[in-house]
Amino acid sequence: MKHLASSIALTLLLPAVQAQQTVWGQCGGQGWSGPTNCVAGAACSTLNPYYAQCIPGATATSTTLSTTTTTQTTTKPTTTGPTTSAPTVTASGNPFSGYQLYANPYYSSEVHTLAMPSLPSSLQPKASAVAEVPSFVWLDVAAKVPTMGTYLADIQAKNKAGASPPIAGIFVVYDLPDRDCAALASNGEYSIANNGVANYKAYIDAIRAQLVKYSDVHTILVIEPDSLANLVTNLNVAKCANAQSAYLECVDYALKQLNLPNVAMYLDAGHAGWLGWPANLGPAATLFAKVYTDAGSPAALRGLATNVANYNAWSLSTCPSYTQGDPNCDEKKYINAMAPLLKNAGFDAHFIMDTSRNGVQPTKQSAWGDWCNVIGTGFGVRPSTNTGDPLQDAFVWIKPGGESDGTSNSSSARYDAHCGYSDALQPAPEAGTWFQAYFEQLLTNANPSF
């Protein structure tokens, strides 16, 4: 369940060696100086501001969430005066209803420039389709926050140009000091011992500034994967025990500062195999409800995000053997067991679930806690509000499929033993860097298929 800033310096500048670009070649995007015309039978399709591609007989498309009957109320943005005086979008009900989600340009560029060149021709159209699926942008280092502004500006421009339905921004806030306290693969940039709490608050302030600047852009945030769940089950780990007060202070600060009219937030809540056990449900609900009330019951905190970067099913008729007797063996059972406890404690929460890598069920995990680059997985259900459960706001893609969970190199400083298990695909690169074999696995096993 790991994600870390990639060290790969992506470049979208490819050599112009012919007047017309071949099928699947790049034909446009910011900074592109090569061919802009495609060979006969292909059309130059703009996938994002940074990348256009020659696709056979295709035109650019946007992915729209199919919506439920829950209504979304917005104030229409004006077409003048961008930036600090932008009109404010306000939301009520399901924050996904009535919006299409933003396709992550960075992930799209990874797919097109890293994955597709080495894929067999039969998989290239499928990979191109994956690049168009909206996935969350991870703000896993402070240096990425300005890029958030770039994306919000792009969304603002598209919405003013008449995007219908309007586009919502989707981001993961993920930079706690002493991050990933119970594992090693995704340790972050801040240390509690080295001014980490103050640095984190500055990071949150920078995110808030972007959200205020683009107050006419509806934005959905997932807050700190793997943080509060560790405070439920892993306080026996010294690093987690030492981080407890800092985690709570930092998450409280984030919830208060990002409680804005144009924002909807979901706190990370692990998954069924972590907090869904009967012994963990009560303590988890108590913690989440206390965090909610301590932050002043922020209106923007819609609920909890589950299965982030994990592989669990939404609903199973039979519990797999690796769930080891947990009655809440899928995410639907988990949230329906958790929700009443939260409500009784004053937090009327709704949920979202990451389905980016849960297309194959049952999984090939040897144990339910095996989280690193699990073999045999596939892309799952595309983003949708058609969940069939009033507690579940949406299925979404939070983890960018194809980015590694962690390295299998045991000599690495960030090596975690889970990444060397027999059910982890190997050899694997560092967390957050591109893992071509894993992307191909997800693509080949996608359910529904591309």
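Our numbering is plain: 1 for the first residue shown, then up by one each step along the chain.
Glycine residues also receive a Cβ, built from the backbone N, Cα and C atoms like all the rest.
What Swiss-Prot lists as signal peptide is 1-19, and the listing cites sequence analysis.
Annotation source Swiss-Prot lists domain 'CBM1' at 20-55, citing sequence analysis.
Cβ neighbour count for CYS44 (disulfide bond) (all protein chains, 10 Å cutoff from its Cβ): 20. As annotated by Swiss-Prot, disulfide bond applies to CYS27-CYS44 (among others), with the evidence given as similarity to another entry.
Residues or ranges marked as disulfide bond by Swiss-Prot: CYS38-CYS54 (among others).
The region 'Thr-rich linker' annotation in Swiss-Prot covers 59-90.
The region 'Disordered' annotation in Swiss-Prot covers 63-89.
Residues or ranges marked as region 'Catalytic' by Swiss-Prot: 91-450.
The Cβ of ASP180 (active site) has 27 neighbouring Cβ atoms from other residues within 10 Å, across all protein chains displayed. DSSP gives ASP180 (active site) a coil state; it is part of no helix or strand. Feature annotation from Swiss-Prot assigns active site to ASP180; the stated evidence is sequence analysis.
Spatially close to CYS181 (disulfide bond) yet at least six residues away along the chain are ASN230, ASN234, VAL237, LYS239, CYS240, ASN242, ALA243, TYR247, judged by Cβ distances under 8 angstroms. Feature annotation from Swiss-Prot assigns disulfide bond to CYS181-CYS240 (among others); the stated evidence is similarity to another entry.
Feature annotation from Swiss-Prot assigns active site, proton donor to ASP226. Other Cβ atoms within 10 Å of the Cβ of ASP226 (active site, proton donor) number 24 in total over all chains.
The feature disulfide bond is assigned by Swiss-Prot to CYS372-CYS419 (among others). Every protein chain shown contributes to the tally, and the Cβ of CYS372 (disulfide bond) ends up with 26 other Cβ atoms within 10 Å.
Taken residue by residue with DSSP, ASP405 (active site, nucleophile) is part of neither helix nor strand, so it is coil. Residues annotated as active site, nucleophile in Swiss-Prot: ASP405.
Within the same chain, residues at least six positions away from ASN409 (N-linked glycosylation site) with a Cβ under 8 Å of its Cβ are TYR415, PRO427. Look at Swiss-Prot and you will find ASN409 tagged as N-linked glycosylation site, backed by sequence analysis.
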Recorded positions near CYS419 (disulfide bond), in sequence order, restricted to CYS38, CYS44, ASP180, ASP226, ASP405 and a 10 Å Cα cut-off: ASP405
Recorded positions near ASP180 (active site), in sequence order, restricted to CYS27, CYS38, CYS44, ASP226, CYS372, ASP405 and a 10 Å Cα cut-off: ASP226
Alpha-carbon spacing, CYS44 (disulfide bond) to CYS372 (disulfide bond), which is rounded to whole Å: 37
Cβ-Cβ neighbours of CYS38 (disulfide bond) (radius 10 Å): 22
PLDDT averaged over every residue in the region 'Thr-rich linker' (59-90): 41
